[in-house]
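Comments concern the structure below.
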């Protein structure tokens with residue numbers, strides 16, 4: 001990720017306005033820059049300082065890795081609990097993803113393991129699906145193959161190989177953020193401050209220690225590496241060779257990011273909007289814009305091929321947007337000419353045309369592909385911003401979860417407590433002002449097209465380097481995303497550390513301040529840039545080191561006897577091909593711990609699965625025993641697991657409990673005191689999960705009590721002979737079997 005500056009007189013790419021001044025700004029902050037030795041400075045000072053910088057980055061990465069691994073061990077006593085308890089600790093969808101790693105290791109051979117994943121009939125009963133197409137689980141496949149091939153089986157258990165790999169990616173994440181701050185500021189002290197802030201703000205920067213298998217924990221380190229390579233690519237005066245190296249690195253990191261997370265298209269859409277904005281205000285050249293777009297497209301299409309032509313990728317908004325942006329840009333040749341007002345008018349028209357064409361292309365693509373896999377996400381967005389109905393079951397599941405709500409205010413309080421928020425806000429304000437001035441300067445007419453200007457002699461005092469401009473918009477756009485949806489804060493807060501550290505250690509913040517104080521000299525600037533971050537690191541050490549040691553000394557132990565008892569009973573008392581119905585979260589654990597077939601699971605990116613989940617969840621609604629029995633028969637279930645924590649839920653407010661969401665979707669009045677919409681009616685049946693415990697004749701005739709404890713109630717369905725299926729049975733059969741898919745399952 002290092003780069004050589006272009007030699008004087010050699011051919012290079014075209015430069016955006018202000019390129020000469022940007023080059024001087026880059027030169028003035030290369031005291032300890034990672035590029036320094038590649039510019040020909042092989043002095044002992046450069047070698048020592050650069051080596052120290054790289055060593056510190058690796059040290060901070062390893063420190064973060066050891067820190068989260070220790071927290072995970074101390075919280076669960078992972079090394080001392082039974083295997084079933086370890087597997088139960090992989091909660092919700094984490095357990096589902098880990099089960100495929102376990103499945104691959106238990107397969108007689110790698111080839112048979114891959115075949116079982118491609119023709120899977122355990123994850124969704126009565127269906128055969130291609131897991132490599134439906135889910136982003138290539139990382140589990142790769143790790144299982146690697147574990148088989150490496151000579152480590154005798155001294156490293158498979159589960160430790162898995163979790164240590166994920167924790168090691170946190171080291172990669174920290175190193176990537178470190179390098180971004182170093183590239184921006186020219187000082188590895190900025191990288192050090194970034195790493196320290198990332199670790200101290202662990203609650204808001206990562207949740208890897210208790211959600212190990214989540215896709216974001218695999219993908220965000222690669223996104224951070226991609227941002228680092230983009231930052232290096234946008235630095236002034238790279239040679240042709242360095243440009244090619246950076247482009248390939250951008251492609252590789254984008255590819256791995258897309259391969260490891262199903263929500264890659266939405267993250268890349270935000271990034272594409274950043275590139276589009278920079279293009280509109282002339283911070284990037286045509287070559288840079290086209291290259292960045294094509295890197296995104298290449299990464300997505302490569303994943304599309306690996307995922308057996310997953311239609312969700314082809315129907316993504318980001319691909320539609322990139323095609324529209326490039327097409328309209330090509331058609332509007334005079335976009336960047338004319339007076340300031342004329343250019344602003346053209347930009348507004350250009351943006352309207354791009355958006356219109358984007359939605360047109362996306363609509364036609366989804367119609368052609370018959371794509372409905374991601375419609376629940378758009379329902380959620382519409383409902384979140386009050387643009388659509390709020391009774392939709394799928395959208396309500398997201399809306400009622402705290403993680404998908406607005407960013408809570410206490411997050412900012414925690415970030416301020418580690419001295420991160422204040423320099424971050426100051427940096428944003430200063431860079432935002434500089435960018436506004438630079439954008440207006442770029443948009444002013446110069447007699448020729450902005451793309452034709454080479455920048456020589458046209459620099460101005462407020463010029464902002466392209467790499468700085470990109471990182472500014474990156475933190476702004478993803479910050480807005482984080483404020484709108486709390487779960488997305490983990491994309492923002494890590495990069496936030498790098499931007500704040502750049503503000504503290506860069507020249508942009510200190511130069512105007514020292515100029516105002518009339519003491520702006522090279523010596524004073526260098527003194528401040530080194531003294532302030534060192535003082536901040538010392539202050540943070542004094543304040544938080546004792547707290548970290550106290551946190552690491554807290555020892556807890558995994559304790560969930562009811563779930564352990566349930567999994568043990570299922571493993572020992574039920575047939576291996578038995579099919580289980582229940583909540584998505586629990587069934588992920590059932591599949592992992594017992595290997596039994598399940599009716600539904602937490603990977604929600606499939607329309608038919610969402611419909612089946614809504615039907616299976618009728619066990620918590622007000623339905624008759626016969627109707628529930630018909631639903632479970634249609635899904636192929638032999639057993640149904642009922643959870644008291646759902647049936648009598650108190651965690652969510654009224655209107656957000658699962659039973660309330662089902663009542664609203666079914667048009668029934670909700671439980672408990674409170675208002676109900678006038679169109680809701682009383683249900684004609686009691687709540688199934690409560691009534692079945694009475695074992696009255698109509699329930700006992702259809703379900704047999706097989707297992708129960710304080711948390712779970714397990715019922716086995718009885719085989720009932722009836723002359724004709726009920727109307728609900730026929731409807732469920734139509735919904736769940738009309739689209740039985742072949743082995744290469746395609747999202748519909």
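Cβ coordinates are placed from backbone N, Cα and C, and glycine is handled just like the others.
Per TrEMBL, the feature region 'Disordered' maps to 1-26 (among others).
The feature compositional bias 'Basic residues' is assigned by TrEMBL to 1-10.
Taken from TrEMBL, the feature transmembrane segment covers 46-69 (among others). Proximity of distant same-chain residues to the transmembrane segment (46-69), defined by a Cβ-Cβ separation under 8 Å and at least 6 residues beyond the stretch ends, is recorded for 31-34, 36-37, 163-164, 167-168, 170-175, 178-179, 182, 188, 191-192, 195-196, 198-199, 202, 206, 208-209, 548, 552.
If you look up TrEMBL, you'll see 181-200 (among others) marked as transmembrane segment. Outside the transmembrane segment (181-200), and at least 6 residues removed from its termini, the chain residues within Cβ reach (under 8 Å) are 26, 28-35, 49, 52-53, 56-57, 60-61, 63-64, 67, 173-174, 228, 231-232, 235, 418, 420, 467-468, 471, 494, 497-502, 504-506, 529-530, 533-534, 536-537, 540, 544, 548.
For the transmembrane segment (248-276), the list of distant contacts is 1, 135-136, 138-139, 215-216, 218-219, 222-223, 225-226, 229-230, 233, 284, 289, 292-293, 295-296, 298-300, 302-303, 306, 312-313, 316-319, 321-322, 325, 354, 377, 470, 473-474, 477-478, 481, 491, 603, 605: same-chain residues at least six beyond its ends, Cβ to Cβ under 8 Å. Marked as transmembrane segment by TrEMBL: 248-276 (among others).
Residues annotated as transmembrane segment in TrEMBL: 304-327 (among others).
Tertiary proximity for the transmembrane segment (347-365) is limited to same-chain residues at least six positions away from its ends with a CB under 8 Å from its CB atoms, namely 276, 280, 314-317, 319-321, 323-325, 327-329, 332, 335, 371. Taken from TrEMBL, the feature transmembrane segment covers 347-365 (among others).
Among the features that TrEMBL reports, transmembrane segment is placed at 421-443 (among others).
The annotation transmembrane segment is assigned in TrEMBL to 492-515 (among others). Distant neighbours of the transmembrane segment (492-515): 25, 28-29, 173, 177-178, 180-181, 184-187, 189-191, 193-195, 197-198, 201, 204-206, 220, 224, 227, 415, 420-421, 423-424, 426-428, 430-431, 434, 468, 471-472, 474-475, 478-479, 481-482, 521, 524-525, 528-529, 532-533, 536; these residues of the same chain sit at least 6 beyond its ends, with a Cβ under 8 Å from one of its Cβ atoms.
What TrEMBL records for 527-545 (among others) is transmembrane segment. Among residues of the same chain six or more beyond the transmembrane segment (527-545), those with a C-beta under 8 A of the stretch's C-beta atoms are 187, 189-190, 192-193, 196-197, 200, 418-419, 501, 504-507, 510, 514.
Residues or ranges marked as region 'Disordered' by TrEMBL: 723-748 (among others).
Marked as compositional bias 'Basic and acidic residues' by TrEMBL: 723-740.
Outside the transmembrane segment (421-443) by six or more residues, the chain places 16-18, 281-283, 340, 343-344, 412, 415, 450, 460, 462-464, 468-469, 472, 475-476, 496, 499-504, 508-509, 512 with a CB less than 8 A from a CB of the stretch.
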